[in-house]
């Protein structure tokens, strides 16, 4: 048996699931389109390279979790196949794959990792749903954040697809070195530098300040924590929409903000998108009074109104640490972008958007090896602190949000032998009342612009859809 201790990076949001659905059209009307036996057989072969996905989560001490991998007694993935006679591929295509057009039951898990019938949290859930008249397949795949981030998730999906494709063609897979993946958490320590850079005051405060309620959550086992958080997640009601920003519109925004930024500055698409989403969100709703009663316990400085908007941006730090291995565990640093509410509330124009985007750029440029090391040390020294961001977000539901850019993920590469997916998207379990924006690639790649899958509370979403500047840039897909 192998015991894999999860790293401080693994514990950030570890209880949340990564639930995507991949849509495949049976263009050739193949009778054996993506056969289940082949999917299942190639899955077991693929797991030889990803044994951690057959492990069991175990709490070893306060705030410390390990994955126990027993090759002789694996934690079997939940893989199932169903047939949906009521929904044809053409219906999904006509609706632009809108969530409300999906057949019921595509996602077999919720937003939080919970125990299955056997009492274990499955580290891999797969649902193969065949559409009416064998017109296509929806492939739902979920992996909890405990063991992978987005890089690791798509590395597994694409490896599985390649394995099945090679098996169908009766070919050997490409050289072993290329398909070698690492889940050794010890890699992180080897790449951390000796120097340390100071964390920003907010991050240091969130993780360094004890909070009895959320620290207590870190004492719970993964199964108990999942059961508790899933009940609270079920109470959250929000509204979600998929927007598209065409490439031409993004390019025009870059040109329009140019006069308002220093000649040496270079803004990325993501800088502009985070700024645009933040401004549109803050302008969408009135700010409530600070929380009182029970929720006020979660928040220091009771009774003080919030003066800043906080955007949490998960940054993949493999490049910053120069990690050479194909590491599949979590290596995300949650950068906090703080902007005065008054600044974001100013009507959006090229000038005000440029100012907000420069603030995003300056925050992201702080990511360096020394900062990554300081963040790692802080969580490691305070094992229960990984739950503390929950207290921050729970008391700032209208002034904080998460934006995650996934445009670099190879979402549309998973060809199981019958073609690549026509559409890939997070599932409706992503929707909630807390504001999150996932910036996704389109099937056309960079030339197609980007999708923005945005979920928020109902009041904010109504304001967002009425925002004049926002509507001038985006197309609402559904």
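Cβ atoms here come from the backbone N, Cα and C positions, even for glycine.
Per Swiss-Prot, these features apply:
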type	residues	note
ACT_SITE	145	active site, proton acceptor
ACT_SITE	415	active site, proton acceptor
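Annotation: 145 carries the greatest number of neighbouring Cβ atoms among the active-site residues 145, 415 [cut-off 10 Å, Cβ to Cβ]. Taken residue by residue with DSSP, residue 145 (active site, proton acceptor) is part of neither helix nor strand, so it is coil. Residue 415 (active site, proton acceptor) sits 24 Å from residue 145 (active site, proton acceptor), counting Cα to Cα.
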